[in-house]
Amino acid sequence: MVIQKEKKSCGQVVEEWKEFVWNPRTHQFMGRTGTSWAFILLFYLVFYGFLTAMFTLTMWVMLQTVSDHTPKYQDRLATPGLMIRPKTENLDVIVNVSDTESWDQHVQKLNKFLEPYNDSIQAQKNDVCRPGRYYEQPDNGVLNYPKRACQFNRTQLGNCSGIGDPTHYGYSTGQPCVFIKMNRVINFYAGANQSMNVTCAGKRDEDAENLGNFVMFPANGNIDLMYFPYYGKKFHVNYTQPLVAVKFLNVTPNVEVNVECRINAANIATDDERDKFAGRVAFKLRINKT
């Protein structure tokens, strides 16, 4: 014989719910007395307080082993990469000469990027260094802080400096300037005490034909040793990265050209297929003309 469970009315359900929330006979709130709730809250307060203290202690111990100025592990930063400016999403520099909006954003980015390189700012913050040698500043047991940096003046970029330039870095005339910079690696002695320079070329034969002629600033794409080593952001507060500007003079219009620039230095490998940015950078250049 099947016994059917009596169906509760809506009023009964509400009354049972109200009694569960607060039972005036037993003085229980949601099934527990005040003392029981106090013990529960005390337990979780102690439990999470202990976890917080353990986490804080662990972080403090770990931070004691980490330098504020130099990364502890740098094995994956042995070879600096190259990057370009203006910075674009896909390393594509596309210029429509007749459309100001297509290149004005590049010009604005370059103006902001090159502002710290103004000669007046460099003269205030940085030193005139002796070229052809590293600018070493050892601590010798005493923290030598902050480190001084060598001047890299905007005027060294010649026709790509943008100073008094009505062509806007050449973008308005279809002869754009692209800036190459080497990523910073702490205590890296670039060039292994030998001169180094940046070279650019088309990636394929057809790219080389369409790339045409170009000039580089400083001359021959040279990067002087005096800008190395780099001691880190906190030590080298006013450090100014050296740049190489490439001005493309007669790129074949309306054709996408693949360009690759490399740093030629004794201790920088540029043939690692696993890291296509190690010592080199590839980008696409297109000059549209109607």
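Heads up, the Cβ atoms here are built off N, Cα and C, so glycines get one too.
Per Swiss-Prot, the residue annotated N-linked glycosylation site among Asn238, Asn250 is Asn238. Checking Cys160, Cys200 against Swiss-Prot, the residue bonded to Cys177 by a disulphide is Cys160. Per Swiss-Prot, the residue from Cys150, Cys261 that shares a disulphide bond with Cys200 is Cys261. Each of Cys10, Cys129 is a candidate, yet Swiss-Prot gives the disulfide link of Cys150 to Cys129. Listed by sequence, the residues of this chain that lie at least six past the ends of the topological domain 'Cytoplasmic' (1-39) yet keep a Cβ under 8 A from its Cβ atoms amount to none. Candidate glycosylation sites: Asn118, Asn153, Asn159, Asn193, Asn197. Fewest other C-beta atoms within 10 angstroms, Asn193. Of Asn193, Cys200, Asn238, all annotated as recorded positions, the residue with the shortest Cα distance to Cys160 (disulfide bond) is Cys200.
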